[in-house]
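According to Swiss-Prot, the protein has these features:
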REGION    1-21  region 'Disordered'
COMPBIAS  12-21  compositional bias 'Polar residues'
REGION    51-104  region 'Required for endosome-to-Golgi sorting'
REGION    73-95  region 'Disordered'
MOD_RES   Ser102  phosphoserine
BINDING   503-505, Glu597, Phe640, Ser642, Lys645, Lys664, 693-694, 774-776, Arg856, Lys862, 885-886  ATP binding site
MOD_RES   Ser551  phosphoserine
REGION    1131-1151  region 'Required for endosomal targeting'
Amino acid sequence: MPNPPSFKSHKQNLFNSNNNQHANSVDSFDLHLDDSFDAALDSLQINNNPEPLSKHNTVGDRESFEMRTVDDLDNFSNHSSDSHRKSSNTDTHPLMYDNRLSQDDNFKFTNIASSPPSSSNNIFSKALSYLKVSNTKNWSKFGSPIELSDQHIEREIHPDTTPVYDRNRYVSNELSNAKYNAVTFVPTLLYEQFKFFYNLYFLVVALSQAVPALRIGYLSSYIVPLAFVLTVTMAKEAIDDIQRRRRDRESNNELYHVITRNRSIPSKDLKVGDLIKVHKGDRIPADLVLLQSSEPSGESFIKTDQLDGETDWKLRVACPLTQNLSENDLINRISITASAPEKSIHKFLGKVTYKDSTSNPLSVDNTLWANTVLASSGFCIACVVYTGRDTRQAMNTTTAKVKTGLLELEINSISKILCACVFALSILLVAFAGFHNDDWYIDILRYLILFSTIIPVSLRVNLDLAKSVYAHQIEHDKTIPETIVRTSTIPEDLGRIEYLLSDKTGTLTQNDMQLKKIHLGTVSYTSETLDIVSDYVQSLVSSKNDSLNNSKVALSTTRKDMSFRVRDMILTLAICHNVTPTFEDDELTYQAASPDEIAIVKFTESVGLSLFKRDRHSISLLHEHSGKTLNYEILQVFPFNSDSKRMGIIVRDEQLDEYWFMQKGADTVMSKIVESNDWLEEETGNMAREGLRTLVIGRKKLNKKIYEQFQKEYNDASLSMLNRDQQMSQVITKYLEHDLELLGLTGVEDKLQKDVKSSIELLRNAGIKIWMLTGDKVETARCVSISAKLISRGQYVHTITKVTRPEGAFNQLEYLKINRNACLLIDGESLGMFLKHYEQEFFDVVVHLPTVIACRCTPQQKADVALVIRKMTGKRVCCIGDGGNDVSMIQCADVGVGIVGKEGKQASLAADFSITQFCHLTELLLWHGRNSYKRSAKLAQFVMHRGLIIAICQAVYSICSLFEPIALYQGWLMVGYATCYTMAPVFSLTLDHDIEESLTKIYPELYKELTEGKSLSYKTFFVWVLLSLFQGSVIQLFSQAFTSLLDTDFTRMVAISFTALVVNELIMVALEIYTWNKTMLVTEIATLLFYIVSVPFLGDYFDLGYMTTVNYYAGLLVILLISIFPVWTAKAIYRRLHPPSYAKVQEFATP
């Protein structure tokens, strides 16, 4: 790498205190630091200069940097580890960069956090080694040019200057999902096709015809089949790409009003820093920071179903600092600092600054991500912060892994055997000829070309088209409505599933939550005793206006105490949530990220305390008994996330001027936050055994002084651009999350989905081992497993929980090695221990168990389990789920199934197949999986039989011609045989089925046979090889016997043998059909008629006069009888002696 420019020799040019001189002496250049450079500079500190660079000396709209101790730059590389250690205790300010410089003085640095110093003696040189070169013209006078990139560093945005001066600094916002362009389409597609052995083999065969010594017959005989395959594939790809381009064009040309430019421009032309106005129903064109909303509260709702698959509306709020600013102030007087682009849609760090003095933090609540939709009425004004491939939507769009079905792998193995047969047969025929000339290797090559039909070029096209047929049949099956096939390459794998990994909530259960029980330590209330709770809630308003002792409600001392406790519990439940009431067409609906929260709000409504109004600053509750409202000011909200497993809120009671911190969450985390008690763990277990999802409710009263101290430290932490979440969490823990008053416990019921019990029983009888992987508690998972019939009545459940030591994990396996009929129940902590230390030993045992239930699983553990089962067993694994936490597991499966549920469409969008209910899985596997696998297996073998039989005819003819490699069928005959004369009847096998649909559910054991792969195996393949050898030999030998090999009779022999070949294939298809339908009958008759009609046009190949004689028809009949009758007889006898299971079932079911 070239040496970096010398800063010392040019420091006067770079950092001159006179800004005008600085602007004249330094050409425009950009210094961008990539992620690696940031990491290297994290440990840099300047020993003698606590403030190395500061941003000041503003001249008009231009700002520049002053280097106070410029010589320190030259000393960077000379600092020893000792000097670094001395400076480690010195407070240093982070280097700041500025994006407002003009093009003439655009020198920028990124933030460099203070961290422990590096021990390197030349750390600055190492840091500079990560720099890249971008502007050779402007850096040429400093030595080697340097390129730096702004794409992956923190960015500072000024609406008045960034879109103008930095227009080329950030990526374009033009959307492009097209795979090809006019130049790359043909070469790219040809490469993709010819990397497959099939197509490359036939290309070589076709090209060989350009060599005179290898030329056999007509060039079209070899070019046309390959061209047909490529044309079908290229047409399909072209249509798909044109549709992608059309969708891209529509999105790119959507107009948006840009305030900073005072005109409407297409989405593709938006730049970072543009202020745009978005109206209700508009798609968000880029990642935006919400600055203003037409709602006085600054609130806006967005739909994120196209981003994360969740169907509920998300609340977004405008920055308070900018909500009431004029458009002129928004353009000229604010700046936005945004963190580097990243994938997480739930995380954003930034701040907005007004007049270079007042700042407000920015979080994900202030963002509008690209590809979401503004749902609330009115409009909003937002600033573009990320464009194009830097947006969250683009960064989370990954190219789906191309899945290859097991059947394709098996066919590929068989094709290799066929290829070996071609080589062996070619060498054998030349050997029989005695290698009589010096050009024997040319004869081998000519035989390879003649026998190329053994590897059928049309096999891939037939299978691909068949998959499309299966997908159409699945999507149009009225018994499983709204099913979507997203991956059409693996429908056959639906018939080979041996392991089913399922989520619980929303998959086996309805995800329709109802709060069934609340427990207050000494007493619990259920849905049957809600009237008692309602009575207590009635006293809520009077007890707030007057003291409870003066209340008109006469209560005993015990009931007074209980009234207080119930009141506090219900009031906390009504306040501590993120639910927002919305009105669409005068209908009240609740919007929330979790159905649990909606269930809780509906429960408080049922007992007389309903959510009346909520915005970002306040929440109002309606006391239905008195008609009065209870108003609370929302001071801070701490949303739920999968890491914290809790949510909290700070409110001020406007009537009593009291400050309260309220929190609810999982028992595993809340037990450490609430005051010590002797009942929480026991009651949590009791509720879980009832199948209820539990939440622990607590609260804490704050005095105003403590709250103000918390707010100050929390605000300071929220402005940090380094480890913001960690700093904020530390402040919350310090002031809030300890010694909470334990109010009670809620139990929410999630009912089983329709027909889950019968579906699981069917799948287990079909030989599928079912695992349930859930993030819920052990007791809840156990209860749901029993009710869903995952665990049979009386079946022993071996429980492994809280295993934290490797030796303890190993000892737990001993029992399971002995009792293979037991069910395993394991928690995530123990599972993690096995995955880390005893993966091989653990899965060697548990893959044989009928049922495994894993609780408290993380999304990554779910994915790991799927991957390990696939690796260890080699069996097909199906994963099914409905939530975002199931996506990893679904994508790691051989077959991923997503359920469109109340958690949204994220799992559905990531899956290979999307269904609406778990019970639809039985239809998908037992019926469509069976048909897809058996049909494709038969289709593949028929296509190979079609190629083998014509190759056998060619081999017999070559042997009878004294081992001369002369083509038997040439030109159109070769092309027509594989297309017009046999393709439609053979392909009609994709409509066949060997058993009625209803019987697949009555006898699910039939599915177990499919997993053994008997429909396409080496055994069945060799049966078809022998069949082809017999029929091909009969057709060719008898055709030659009825005519001769003389040139005058050659066309007669070809006429009778080719006709026999075509009719034989049509009859074989008819014999293999189990259930006839109109389409099959039409294809058989139409194909035969087409051949008959085309015969008069084949005078170049046939002796047409001979085809009108009685001898011709007599000979044809004899050939067909000898070719077909023995095969039909053998098949009938075998079926009588060894009837297949489906035949027994079909016969038994037929009245």
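Placement of Cβ uses the backbone N, Cα and C atoms for every residue, glycine included.
Just so it is clear, the model here is predicted, and its values are computed rather than measured.
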Tell me which residues of the chain lie with their Cβ under 8 angstroms from that of Asp776 (ATP binding site), as long as they are six or more apart in sequence?
Lys504, Thr505, Arg693, Val784, Cys855, Arg856
Please compare the binding-site residues Asp503, Glu597 by how many other CB atoms fall within 10 Å of each one's CB, and tell me which has the fewest.
Glu597
Fewest other Cβ within 10 angstroms of its own Cβ, chosen from the binding-site residues Thr694, Asn885
Asn885
DSSP residue counts for the region 'Required for endosomal targeting' (1131-1151), split into helix, strand and coil:
16 helix, 0 strand, 5 coil
Give me the long-range Cβ neighbours of Lys645 (ATP binding site): same chain, 6+ apart, Cβ under 8 Å, in sequence order.
Gly665, Ala666, Thr668, Val669
On average, residues of the region 'Required for endosomal targeting' (1131-1151) score a pLDDT of 81
DSSP on Glu597 (ATP binding site), three-state: which is it?
helix
Give the helix, strand or coil assignment DSSP yields for Thr694 (ATP binding site).
strand
